[in-house]
Amino acid sequence: MNKILLKNVKLNREIVNISIENDTIKSIVSNHSEIVNLDEYEVFDAKGNTILPGLVDVHVHFRDPGLTYKETIETGSKAAAHGGFTTVFAMPNVKPVVDNPQALKNMLLKNKTDSCIETYQYASISSNLDQPDNTDINTMAQLGAIAFTNDGHGVQNTGVMYKAMLAAKQNNKAIVAHVEDDSLINHGVINSGKAAQKLGLPGMNGLSESSQLARDLVLAYKTGVHYHVAHISTAESVQLVRMAKELGVKVTAEVSPHHLLLDDSMISMDNPMMKMNPPLRSPKDRQALIAGLLDGTIDMVATDHAPHSKEEKSGSMLTASFGIVGLETAFSLMYTKFVKNGLVDLKTLLKWMSFNPLRTFNLKPNEIKVGAKANLTIMDLNAKYQIDSQEFLSKGKNSPFICEKVFGRTLLTLSNGKVAYRI
Ligand SMILES: NC(=O)N[C@@H](CC(=O)O)C(=O)O
Ligand SMILES: [Zn+2]
Ligand SMILES: [Zn+2]
């Protein structure tokens, strides 16, 4: 039997000892209680550091199979555990694309064998993510796809989105939307706005996101499907989600740490680390995202962890790949900028990074209580350091937050009672 003892753990201001047997939390007692049969346990002394429910990220790219020079399920899941995450949802834009039942079966098996944390799998809405057709949502829902998305591409065809919503609704699954109308993109590489003008770079119109979102919200209203907006990035989109929620549309939304913390006024030169899709928007958009998260319009934070090779993220923004890594910086950035700076308490941050993501997709919450699955992380919330990509376990080092001073370092992560990360 797998027996772990977490000694001197801070849980709601108390210092406790927590024992774990197999995948379950067995006891939580004062750290002054006598420990019997100590030699049966693998012991971790937390030295008064804080235990948190395992973090959850509904938007990661693990690039495996097919693009494993960028990331593998093994390195991606280790990066996640290093960031305090015990649960992630993997996107289907791997090679081959997860767009049919057999590909999904293969992925489900691969996630089980290769991942050190709980890894749920998305399947796509269309063949190859971009064809004007519909995948077999019925079969893939039954096989265990967590939800359906063409992430990386907007669904250009209204009929395709409508049919996908009807099928997803019937199977009690969500549609997760990367909203992007290709006709408003202009081969852009950053947001269309002041920075694009100044740097002479082609700009992506923010209406590309909000106009397609408006379409989808009408379809979601009519079909009753659970519709989840991926990486929301503009003020208009936040307002649309706010209004749709008031109308009773079953809509939820995620925002990335980078869209909350960066905007295009900070792009002072051609820098591929500031290139992602959706692009960093205007300071006004960023303020709307923060307001939307604070008032509950936006339900959760998700990283959109998008690892790429060094070559793919060098040179000019004109040719570099879209995307940045996020799993190993998300918690410390959010903790530093939102909790340490006094905008919200730790409990609210955990709502955004653990409770809401699970509840939204009908999964059980990660909780620190007797009888719960041991999905947890222990953090040194006082550790202050500079983000250093050399410390990343991800193959991707593409982060715009290198050298940023943050608080919060992961000491231990257990996924279903197994050590997924240990400092
Ligand atoms: N976010 C990105 O810039 N890139 C993502 C795709 C996506 O999330 O749309 C990727 O797969 O690299
Ligand atoms: Zn996307
Ligand atoms: Zn993505």
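Each Cβ is built from the backbone N, Cα and C atoms, and glycine gets one as well.
All protein chains shown were included, and the count of other CB atoms within 10 Å of the CB of Asp304 (active site) stands at 28. TrEMBL lists Asp304 with the feature active site.
Under the heading Zn(2+) 1 binding site, TrEMBL lists His59, His61, Asp151, Asp304. When secondary structure is read from DSSP and collapsed to three states, His59 (Zn(2+) 1 binding site) falls in the strand class.
A 10 Å cutoff on Cβ-Cβ distances gives His308 (substrate binding site) a total of 26 other Cβ atoms nearby, all chains included. According to TrEMBL, the substrate binding site annotation covers His61, Phe62, Arg63, Asn93, Asn277, His308, Phe322, Gly323.
For Asp151, His178, His231, the entry in TrEMBL reads Zn(2+) 2 binding site. According to its DSSP assignment, His178 (Zn(2+) 2 binding site) is coil.
Summarising the annotation, TrEMBL assigns domain 'Dihydroorotase catalytic' to 49-237.
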Entries of Arg63, His178, Gly323 (binding-site residues) sitting next to ligand 2, with Cβ under 6 Å as the cut-off: His178
Pairwise CA distance, His61 (Zn(2+) 1 binding site) versus Asp304 (active site), rounded so that it is a whole Å: 7
Neighbourhood of ligand 1 - recorded positions from His59, Arg63, Asn93, Asp151, Asp304 with Cβ under 6 Å: Asn93, Asp151, Asp304
Inter-residue Cα distance where the pair is His178 (Zn(2+) 2 binding site) and Phe322 (substrate binding site), in Å: 14
Same chain, 6+ residues apart, C-beta under 8 Å of the C-beta of His231 (Zn(2+) 2 binding site), given in sequence order: His59, His178, Glu254, Val255, Ser256, His259, Pro278, Ala302, Asp304
Neighbourhood of ligand 3 - binding-site residues from Arg63, Asn93, Asp151, Phe322 with Cβ under 6 Å: Asp151
